[in-house]
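Undergrad: Copying in the features that Swiss-Prot gives for the protein in this structure:
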{"type": "COMPBIAS", "residues": "53-82", "note": "compositional bias 'Low complexity'"}
{"type": "COMPBIAS", "residues": "105-174", "note": "compositional bias 'Basic and acidic residues'"}
{"type": "REGION", "residues": "31-174", "note": "region 'Disordered'"}
{"type": "TOPO_DOM", "residues": "24-304", "note": "topological domain 'Cytoplasmic'"}
{"type": "TRANSMEM", "residues": "3-23", "note": "transmembrane segment"}
Amino acid sequence: MDLIILVGIAIALLVVIISLYLLQKKNSTTEAKPAAAAPQRGVPQRAQEGVPRRAQIARNQRNRLRQNAPVAAAAPQAEAPAGSDNDDDAQADGEGARLPQGAVLDEKMGAKKRAKMEAKEAKRVQREQELYDREQRKAKEAKEDAERKQQEEIEAEAERKKAEAERLAKEERERKEHEEYLKMKAAFSVEEEGFEEGDADEQDNLLADFIQYIKDNKVVVLEDLAVAFKLKTQQAIDRIQELQADGTITGVIDDRGKFIYVSEEELVAVAKFIKQRGRVSIADLAESSNNLINLTPVSAEGSS
């Protein structure tokens, strides 16, 4: 019986303790509600919590940027012509903010805003680097063009000097040839006058010796003939042509500077040979000419 009483007392005490605990908790909750401000209808949660609105943040940001603008404007603008190219990158963002060169980003700025402005700054730096590289490339190309033009001018000047030297050399050569021609012509005229004024017998003897020298040697080197009779080579050629024209001698001057004398009898023999054969090739004529035309000098025939 005593055990049942003790269990009942314990249960009663436990119920009382639980009731007191619940009552105390309810009272503490009721006291805390008046301390908290009731939410206001129509007012944003950020304003109720004391957080500045986005418009206020933008105004504060613009104020700070305007304060930093004079400092950025004082820096030298090295790339002034490229200002028009950077207008798009320097425009204000969605709320009209402009990032001046060298401006320090606000620590309180939002992460998205900061990333956007950092991207614009990186793009501006990249644009300036590209502009610098382009200017360097243009300067290098201009230098190479100038060097190429200078080299072309040097080559053109060298070519002009070479052509001028060739022209002067040609004129000098033609002048000397003309002087030689005039001297030869004058000497020929003087010699002709001497023949006319000299003794007629002496002239005839000299001409006869000239003709006999050709007939005796058969093949005469024109330079040797001129030396033998104290004439110039051209004078000797002119005299031979005159003698051929009047029929005194017959023969041919080859391209090696020799006169080959052919007598009348030998010409008749060649003509007879051609007439007999009817048609004669050059090879046959050349082969037969060795027998028809005697090219051995008279002095050699006498000694043999």
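From the backbone N, Cα and C atoms, a Cβ is placed for every residue, glycine too.
Here the structure is a predicted model, which means the values were calculated and not measured.
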Undergrad: For the topological domain 'Cytoplasmic' (24-304), would you mind checking the mean pLDDT of the predicted model?
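TA: Value for the topological domain 'Cytoplasmic' (24-304), mean pLDDT as a whole number: 73.
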Undergrad: Based on DSSP, tally up the residues of the compositional bias 'Basic and acidic residues' (105-174) by helix, strand and coil.
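TA: Summed by class, the stretch gives 64 helix, 0 strand, 6 coil.
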